[in-house]
Amino acid sequence: MAFAVWFLSTFVIVAAQRHMALEHEGTYNIGGVLTNSDSEEHFRTTIAHLNFDQQYVPRKVTYYEKTIRMDKNPIKTVFNVCNKLIEKRVYAVVVSHEQTSGDLSPAAVSYTSGFYSIPVIGISSRDAAFSDKNIHVSFLRTVPPYYHQADVWLEMLSHFSYTKVIIIHSSDTDGRAILGRFQTTSQTYYDDVDVRATVEMIVEFEPKLTSFSEHLTYMKTAQSRVYLMYASTEDAQIIFRDARDHNMTQEGHVWIVTEQALFANNTPEGVLGLQLEHAHSDKGHIRDSVYVLASAIKEMISNETIAEAPKDCGDSAVNWESGKRLFQYLKTRNITGETGQVAFDDNGDRIYAGYDVINIRENQKQHVVGKFSYDNMRAKMRMKINDSEIIWAGKQKRKPEGIMIPTHLKLLTIEEKPFVYVRRMGDDEFHCEPNERPCPLFNTTDATANEFCCSGYCIDLLIELAKRINFTYDLALSPDGQFGHYILRNNTGATLRKEWTGLIGQLVNERADMIVAPLTINPERAEYIEFSKPFKYQGITILEKKPSRSSTLVSFLQPFSNTLWILVMVSVHVVALVLYLLDRFSPFGRFKLSHSDSNEEKALNLSSAVWFAWGVLLNSGIGEGTPRSFSARVLGMVWAGFAMIIVASYTANLAAFLVLERPKTKLSGINDARLRNTMENLTCATVKGSSVDMYFRRQVELSNMYRTMEANNYATAEHAIQDVKKGKLMAFIWDSSRLEYEASKDCELVTAGELFGRSGYGIGLQKGSPWTDAVTLAILEFHESGFMEKLDKQWIFHGHVQQNCELFEKTPNTLGLKNMAGVFILVGVGIAGGVGLIIIEVIYKKHQVKKQKRLDIARHAADKWRGTIEKRKTIRASLAMQRQYNVGLNSRAPGTISLAVDKKRYPRLSQRMGPERAWPGDAAEVLRMRRPYEIGKPGQSPKVIGGPPHPMLGKTRPQAQQNLLPPRYSPGYTSDVSHLVV
């Protein structure tokens with residue numbers, strides 16, 4: 001029950017509010033300030049018909065018309081608007097005026113209505129001043145302003161492919177507005193078009209001209225022959241008159257003018273002009289303005305409540321917000337009306353207005369040759385021109401070029417081998433060689449040092465190009481020595497502006513007509529200059545120095561790895577040890593057979609086993625010290641096979657390492673991992689601001705590599721190439737043509753990997769240059785005739801040099817001392833080792849000799865001691881003999897002497913003379929034998945003192961024999977034999 005009460009109360013309140021709103025929505029007064037009764041009548045009829053059009057008028061909504069006549073006096077117009085329109089609470093005003101009365105009266109209506117925020121829709125005012133919303137705050141118009149014709153100019157220039165124009169305009173508001181519109185719109189318009197029109201010259205004049213000759217003389221110096229003119233009808237007559245006198249309305253000149261100039265009474269034949277469709281159809285514009293207003297009010301009613309319009313001009317405090325909102329709704333309208341598609345821009349100016357393209361024929365006849373109209377399918381304006389119906393100046397049917405084609409051109413080039421070689425002229429030189437062309441450098445103040453001569457691939461191309469398409473030229477070098485890149489520069493001290501430097505900057509700023517150089521075609525440059533078809537196709541590649549195999553002192557060890565060498569060394573000694581053990585423990589190796597010959601081979605010792613193992617490995621003859629046992633000899637045969645394989649493998653690999661050709665490159669190309677992940681020991685670079693630099697900046701996948709190489713980039717390619725040769729730079733990334741030339745010239749350089757970033761070299765020209773097509777056609781003919789191939793062979797590939805490089809690569813490397821120095825050093829080490837060992841042996845031997853001497857001294861002392869003992873024994877024996885002798889004298893017969901010696905006490909005597917043997921001879925002989933000896937120095941034989949010695953005593957006796965005689969000075973010895981009795 002409570003819910004039902006709440007629902008009914010809510011429904012009653014909403015219904016009451018809706019009823020009040022409908023009562024308020026019931027009537028809307030539309031004011032009209034019109035020029036004549038026909039317009040007023042048509043205005044009333046249109047509103048009457050509108051009330052029955054349910055598409056635009058909601059139920060219970062009715063429109064009423066309130067009209068006044070436009071007065072030429074703007075003050076009266078203001079009073080009429082206040083007293084006859086605003087007092088009637090008009091929600092909007094439609095205003096028109098006569099073209100001859102000026103725009104003061106419509107401006108008065110706009111000021112007055114705008115003060116109270118009442119929207120005003122103009123149907124005839126086209127002055128640029130009404131676009132200023134600071135003054136005309138609530139003014140819209142169903143006709144476009146005059147300066148919107150600049151949009152149609154751009155479409156026409158694009159259709160005719162004119163790229164350079166001269167703009168002629170008056171210095172009033174509309175004249176400057178059309179220039180600003182052209183310049184502003186062209187910046188965005190040409191983003192979608194290939195051909196960009198540039199303003200070569202702007203000629204501004206004061207209205208109400210009396211003469212235009214001075215301006216025409218100045219215009220003749222320009223290259224463009226396309227004139228876009230905004231002028232009043234009176235000023236246009238003066239301009240056309242003087243242009244005819246200067247022959248500037250003849251063949252080759254193109255005049256495109258606005259509506260006012262088109263109606264001059266002396267408009268030359270061939271002039272193209274614009275005529276707004278429905279420009280004088282007040283009835284059509286009245287209807288469209290009323291329906292636009294009804295459409296806006298309908299949408300506003302559905303969204304919000306419209307407050308009552310102001311009623312009193314005397315109330316200055318009135319602020320009608322609904323009027324401001326209604327003005328915003330009006331600007332968003334887009335309907336199809338009697339005058340075409342009706343829509344507005346932010347300034348309230350009509351867009352999508354249609355124009356007829358008028359061609360002036362003989363006797364001032366106007367002929368429509370095209371239309372600029374709204375395309376419903378594409379929802380935008382579209383230009384259609386029938387070129388075949390146009391009669392151009394000089395009664396020509398063929399479209400003029402639109403520019404004066406100069407036959408003497410200013411050309412620029414840059415030093416880049418082999419395309420352009422630059423040679424400074426000597427002090428005594430006045431002319432270049434026949435194959436050279438003068439190319440001065442104009443950025444130096446030294447007048448004696450700026451004369452150069454240029455030759456090369458591009459110079460030969462230029463000479464042939466000039467002959468083919470018939471032009472003369474002045475050639476100069478790039479002022480800053482750069483191809484050019486797009487950088488930010490501070491021009492005025494407060495603003496930064498991006499502009500081109502180098503050759504591109506000279507061309508963009510029109511300081512040169514053509515660039516003849518190895519200029520890479522890329523999107524950044526093509527946006528600002530024209531390119532011919534490529535005269536040489538190329539790409540980007542990498543230049544590096546060929547990797548040379550380092551010849552160290554151990555180059556002969558390169559065939560085997562260190563591990564293999566160690567294994568071979570270990571194997572030699574392991575095999576030697578096993579051979580020794582096998583031969584030692586074999587029953588046929590350690591012991592000799594019982595019936596064997598005494599000359600049988602000795603068993604293998606460890607030293608001989610090592611000698612055998614090395615001898616087999618080094619293939620030296622082994623004469624002795626071979627294994628004796630069968631098991632050891634089997635191992636020896638296996639070791640010999642191993643040695644044969646090792647030596648053969650070493651020999652083959654040595655030839656591969658030292659004789660065969662070197663590896664080509666270190667890098668595999670741009671995708672080499674060492675480039676993508678640049679290491680500290682691998683440096684790569686290109687030239688700053690070059691096309692290659694731009695390429696790397698464009699490629700996202702190369703961004704990491706570019707950040708690394710950016711700090712290493714060089715100012716010139718020449719400097720970078722020199723650093724590659726010196727080994728300071730490992731990889732230089734540059735145009736393939738230049739790098740292939742460098743590689744063909746120097747056998748130590750090589751290009752790595754495949755080409756990437758393929759493009760071409762083209763001739764650079766200004767945007768819209770008349771020479772572009774001619775140069776392109778000539779280059780295509782050169783390709784077909786083989787002329788470009790001839791230039792390639794002559795300047796880039798250097799066939800004979802490249803052939804020498806190939807011969808050098810295929811020829812085996814000759815081994816030199818550097819390659820095999822290690823072997824000689826090894827021999828030297830062996831010799832030094834042998835000398836060292838012999839020195840060690842000598843030192844060791846001296847040590848042994850000293851030791852032996854000490855042993856000999858000790859042995860001599862021992863022998864001397866033993867000798868002393870023997871002497872004592874001998875003395876005792878002598879005494880015993882003497883006693884026996886004395887006894888014998890007493891017992892034996894005279895004439896005999898007994899010399900018997902005890903065998904046990906005199907073993908030496910017994911060995912020589914036998915036991916119990918008497919000395920033969922008489923007493924005289926005994927006496928001779930008993931003579932004293934003179935003992936000389938050590939090592940000398942003893943001498944007999946006095947008388948001739950016995951034959952036996954004259955000889956040097958061995959030590960053993962000398963000891964047979966008793967010592968002379970033994971105690972108890974006497975030589976006196978006088979007591980003997982014979």
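Using N, Cα and C of the backbone, Cβ positions are placed for all residues, glycine too.
In Swiss-Prot this protein carries:
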SIGNAL    1-16  signal peptide
TOPO_DOM  17-561  topological domain 'Extracellular'
CARBOHYD  Asn247  N-linked glycosylation site
CARBOHYD  Asn303  N-linked glycosylation site
CARBOHYD  Asn334  N-linked glycosylation site
CARBOHYD  Asn386  N-linked glycosylation site
CARBOHYD  Asn443  N-linked glycosylation site
CARBOHYD  Asn470  N-linked glycosylation site
CARBOHYD  Asn490  N-linked glycosylation site
BINDING   Pro518, Leu519, Thr520, Arg525, Ser691, Asp735  glycine binding site
TRANSMEM  562-582  transmembrane segment
TRANSMEM  640-660  transmembrane segment
TOPO_DOM  661-819  topological domain 'Extracellular'
CARBOHYD  Asn681  N-linked glycosylation site
TRANSMEM  820-840  transmembrane segment
REGION    934-982  region 'Disordered'
COMPBIAS  972-982  compositional bias 'Polar residues'
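Annotation: Thr520 carries the greatest number of neighbouring Cβ atoms among the recorded positions Asn334, Asn386, Thr520 [cut-off 10 Å, Cβ to Cβ]. Beyond the transmembrane segment (562-582), the same-chain residues lying 6 or more positions past its ends with a Cβ under 8 Å from any Cβ of the stretch are 589, 604-606, 609-610, 612-614, 617, 627, 629, 631-632, 635-636, 639, 642, 646. Each residue contributes its Cα atom, and for Asn470 (N-linked glycosylation site) and Asp735 (glycine binding site) these two points are 31 Å apart. Neighbour count (other Cβ atoms within 10 Å of the Cβ, all protein chains): 26 for Pro518 (glycine binding site). With the fewest other Cβ atoms inside 10 Å of its Cβ, the least crowded of the recorded positions Asn470, Ser691 in this structure is Asn470. Between the recorded positions Asn303, Leu519, Asp735, Leu519 has the most other Cβ atoms inside 10 Å of its own Cβ, all protein chains included. Under DSSP, Ser691 (glycine binding site) is assigned to a helix (H, G or I) in the three-state scheme. Asn470 (N-linked glycosylation site) carries neither a helix nor a strand DSSP state and counts as coil. Nearest Cα neighbour of Thr520 (glycine binding site) among the listed glycosylation sites (Asn247, Asn303, Asn334, Asn386): Asn386. In this structure, the CA atom of Asn303 (N-linked glycosylation site) is 66 Å away from the CA atom of Pro518 (glycine binding site). Here the candidates are the recorded positions Asn334, Leu519, Ser691, and by Cα distance the one nearest Asn386 (N-linked glycosylation site) turns out to be Asn334. In three-state terms derived from DSSP, Asn386 (N-linked glycosylation site) belongs to neither a helical nor a strand segment and is classed as coil. DSSP assigns Leu519 (glycine binding site) to a strand. When the Cα atoms are compared, Arg525 (glycine binding site) and Asn334 (N-linked glycosylation site) turn out to be 41 Å apart. Close to the recorded glycine site, the chain also has Phe483, Ile521, Asn522, Ser690, Ser759, Tyr761: residues not among Pro518, Leu519, Thr520, Arg525, Ser691, Asp735 whose Cβ is within 8 Å of the site's Cβ mean position. Asn247 (N-linked glycosylation site) counts 12 other C-beta atoms within 10 Å of its own C-beta, drawing on all protein chains shown. Between the alpha carbons (Cα) of Ser691 (glycine binding site) and Asn247 (N-linked glycosylation site) lies a span of roughly 45 Å.
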